[in-house]
Amino acid sequence: MSTTTQNIPWYRHLNRAQWRAFSAAWLGYLLDGFDFVLIALVLTEVQGEFGLTTVQAASLISAAFISRWFGGLMLGAMGDRYGRRLAMVTSIVLFSAGTLACGFAPGYITMFIARLVIGMGMAGEYGSSATYVIESWPKHLRNKASGFLISGFSVGAVVAAQVYSLVVPVWGWRALFFIGILPIIFALWLRKNIPEAEDWKEKHAGKAPVRTMVDILYRGEHRIANIVMTLAAATALWFCFAGNLQNAAIVAVLGLLCAAIFISFMVQSAGKRWPTGVMLMVVVLFAFLYSWPIQALLPTYLKTDLAYNPHTVANVLFFSGFGAAVGCCVGGFLGDWLGTRKAYVCSLLASQLLIIPVFAIGGANVWVLGLLLFFQQMLGQGIAGILPKLIGGYFDTDQRAAGLGFTYNVGALGGALAPIIGALIAQRLDLGTALASLSFSLTFVVILLIGLDMPSRVQRWLRPEALRTHDAIDGKPFSGAVPFGSAKNDLVKTKS
């Protein structure tokens, strides 16, 4: 950018169409967050009515993560083939329908299936909205685009907590899910009133449809084997998370089977760049493992361990959700200033100073707890707002929605494991200690994976001929693309 351009405030680099595109996607993601967290808010009520164990109740949160990988793949491919806008609308309709079904669920199995539908829609909304906004904004503002967008999910969680405190004590937990049908109206408006993403239009102008991940996996020469593997993965995940298996060894075997299937899909669809794709799934897996025990079980901790009433729970969750939302926006500024990976690492390191105090002070002072949660979530959870930008930079435009959707949502199975692991550890320790221990230890794994740019590093080790040296979204160098000790200018020389 020129000196004159740099002196212009960042928001003046955006035209009205770009702001409208962002606003529409942000509202869609807010509604996604609202619908998704409803189950966490009423988990104790649902557990009591259906007579569920703690692990079974936690599996209702996990259910939405089980189907996310498939939703991210299918709806991401839709976004790559037919445009980001159609994929966004379809995703909103899916998660809204699943939420309504939760309100009518007569028992555990029905609600579990409804949560599977929500997971598919949520996955599609994440991938399509993220690529839509990132590709609509200028390159030097794309960390902000990512961070601002993902803040909508946290705002949706805050709104849901406030609605919970007003609705559930009067009309019961089912009424909360009936409200979740409203996003369908918004989806109909989206279909007619927002433009297509600029990068996607430029890539596809006058060209034949791209060959998507769905084409490669389910219409190629290995389609029969891939369909069988898809069914096998779905069945294995069902048995792992539906509370039907008590044998840890069997669960481990099924988990390894799923991992092998997902790696196979990545090898087939990404070609020589499969090491990058696999490592991105690992990054996201640990990102969910460190953050989602708190996201999923914080309401339960507040209601059981701290004995807070619904109104106080809503107030504390407001601080938590608002902190995450602010953190997404702050992360966007940090990412454009420091660079995506450096901003991620610095924010997570700062969050580590707060995670132990959050669960050590108890519930005597609600305001102190709320403030600690605000800053911890701002630094620890909010920085995940730039994760779509980080992941998307490893994929070209014609594979970005499916690549982001699949890698992110396979890794998001960590979110399915997280509440169950937290609940299991809480059987031996108190819930607060379990949540703090998981988050504190696993955050360091994410710091290492992102700080060392392990996707690029492993790609260089295994398939260097397909190494990408620069971010496909903003053109900045990948630090892991050169060996330790190499000159920094090497990356500039190799930029295509």
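Every residue gets a Cβ built from N, Cα and C, even glycine.
Per Swiss-Prot, topological domain 'Cytoplasmic' is recorded for 1-21, 79-91, 299-312, 376-405, 452-496. The transmembrane segment annotation in Swiss-Prot covers 22-42, 58-78, 92-112, 148-168, 170-190, 224-244, 247-267, 278-298, 313-333, 355-375, 406-426, 431-451 and rests on sequence analysis. According to Swiss-Prot, the feature topological domain 'Periplasmic' maps to 43-57, 113-147, 191-223, 268-277, 334-354, 427-430.
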### Query
Among 22-42, 148-168, 170-190, which stretch has the highest count of C-beta pairs below 8 Å with the transmembrane segment (278-298)?
22-42
#### Entry: Contact between the transmembrane segment (355-375) and the transmembrane segment (313-333) (at least 3 Cβ pairs under 8 Å, separation 6+)
yes
### Query
For the transmembrane segment (313-333), which partner among 22-42, 148-168, 170-190, 224-244, 406-426 gives the most CB pairs under 8 Å?
148-168
### Closest-packing stretch to the transmembrane segment (58-78), where packing means Cβ pairs under 8 Å, from 22-42, 92-112, 148-168, 170-190, 406-426
406-426
### Task
Give residue numbers and ranges for long-range contacts of the transmembrane segment (431-451): same chain, 6 or more residues beyond its ends, CB-CB under 8 A.
279, 282-283, 286-287, 289-291, 293-294, 297-298, 300-301, 304-305, 341, 344-345, 348-349, 351-352, 355-356, 358-360, 380, 390, 418, 421-422, 425
### Query
Between the transmembrane segment (170-190) and the transmembrane segment (406-426), are there at least three Cβ pairs closer than 8 Å, leaving out pairs fewer than 6 positions apart?
no
### Query
Among 22-42, 92-112, 406-426, which stretch has the most Cβ pairs under 8 Å to the transmembrane segment (148-168)?
22-42
